[in-house]
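Read through the structure below, which is laid out as structure tokens, and then see the notes.
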């Protein structure tokens, strides 16, 4: 939304385009609780971008990451527990390894920004991501007794396929956020809603699929979402780049790296990045310990595969509600105030796990299944609200020409924080001797995690009080700063041409996504 009191001509023009026949604005999903609100909202986004861009977001974030990611999560948990038979701490370490492709997202971003293939910067990378994912899933599905090293290699390759598709569409969202800053919250809401709805459907079916066809059968099924990513690469509308001198690739890589480094040195950029890392890294991920306990026949409630999937599916409704709540009521609130309350509630919500582990819910007359649904729903809702304002800020800070690279850099910082929390959580489980059958100290691990979730509140001063637009810190101003910097860094001519093409072809700019969070 355009901030009240601003009379910028471009923003006024956008609001006029988004008005309906009676002259009233049609922004947001549920404006006036009109039943046609969601349809009008999608039509507005399709008009500002292109229908293929909206479809790309739905496929990449709704089907591949939402639906496919939920199937992969439940399938991999049972694959590690029942097929590979590893300890909870080992499973956490292996999860961190498979997330490495998300840490090196800037590399994929650099490729999409500076190395076009057959004149296109986005479409070929969607095709590549889909093919890599299909091959890795087939490899996991058709091998009976796969060594853990080969299994990790295949899982990491599949993760790389998702990461490449993610960073490619991230570049499109960052581009569109630069042209229409007021649409940035709507873009992130589309991505969040697509991801949440896909996860809701995927988790609902995940337990049934694991029970019927096993974890390896689920991997074979996951080849379908990857095939749809290939289809996105075929139908996506994208302006074709002029002839490209591949001999200049090294020079363009260096130019892009220098631009990123200069931008990252700005305190308006590195301070929020530091907070995002600390926020994720200090929220230790001990989910594998909880999962082994929940499925244990003696110590825990002994949930079935279908029950685990259904609990996660109902829990994902919380994520969906979080996206709707942010879009409808919270997207205009100051970042710092919103992050304070969400981080505080994030720490307090962890106490539900402690109540569950100590079986206090039974003393209160609350069944395990019902309590697990409440626990997961609260976590997903608060986690979504905590992440979305930072994603909006990140998309608005990307310098033109290297949107994919820089947004990928920001998201890789987040993912490095998630990987740190996963490994540190695994180390905590190992130190406290939480194993496949021993859960005596699991309550202590939960308590330590809950205390650490509150610590990021001490670093909220790193986050701006309001959004990047009110700070006057836009992508075009970033470019101006870069050109006038004391190091004399100049953006390459090809990047400048990309910015001109972007401004001339606003209707051809694609849309971006929200990175799906991992349960801590």
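Cβ coordinates are placed from backbone N, Cα and C, and glycine is handled just like the others.
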Checklist entry - Which stretch does TrEMBL mark as transmembrane segment, out of 60-81, 82-103, 148-169? => result 148-169
Checklist entry - Can you check which of 41-59, 250-268, 269-287 TrEMBL lists as transmembrane segment? => result 269-287
Item to check | Segment assigned the feature transmembrane segment in TrEMBL (from 104-122, 218-236, 370-388) | outcome: 218-236
Item to check | From 6-30, 406-430, the residue range that TrEMBL assigns the feature transmembrane segment | outcome: 406-430
Checklist entry - Mind checking which residues reach the transmembrane segment (190-212)? Cβ under 8 Å, same chain, six or more beyond either end. => result 29, 42, 45, 54, 57-58, 61-63, 65-71, 73-75, 78, 173, 218, 221, 304-310, 312-313, 315-317, 319-320, 322-324, 326-327, 384, 388, 511-514, 516
Checklist outcome for this item: Among 125-142, 148-169, 269-287, 406-430, 442-463, the stretch with the most Cβ pairs under 8 Å to the transmembrane segment (338-360) is 442-463
Item to check | Same-chain residues at least 6 beyond the ends of the transmembrane segment (406-430) whose Cβ lies under 8 Å from its Cβ atoms | outcome: 88-93, 95-96, 99-100, 102-106, 108-109, 166-167, 170-171, 173-174, 259-260, 263-264, 273, 276-289, 390, 394-395, 397-399, 445, 448-449, 512, 515, 517-518, 520
Item to check | Remote residues contacting the transmembrane segment (442-463) - C-beta distance under 8 A, at least 6 residues beyond either end | outcome: 271-272, 274-275, 278-279, 282-284, 286, 289-290, 293, 335-336, 339-340, 343-344, 346-348, 350-351, 353-354, 357-358, 390, 425, 428-429, 432, 434, 520
Item to check | Same-chain residue ranges lying at least 6 outside the transmembrane segment (218-236) that approach it to Cβ under 8 Å | outcome: 52-53, 55-56, 59-60, 63-64, 67-68, 71-72, 74-75, 79, 122-134, 137-138, 140-142, 158, 161, 165, 206, 209-210, 510
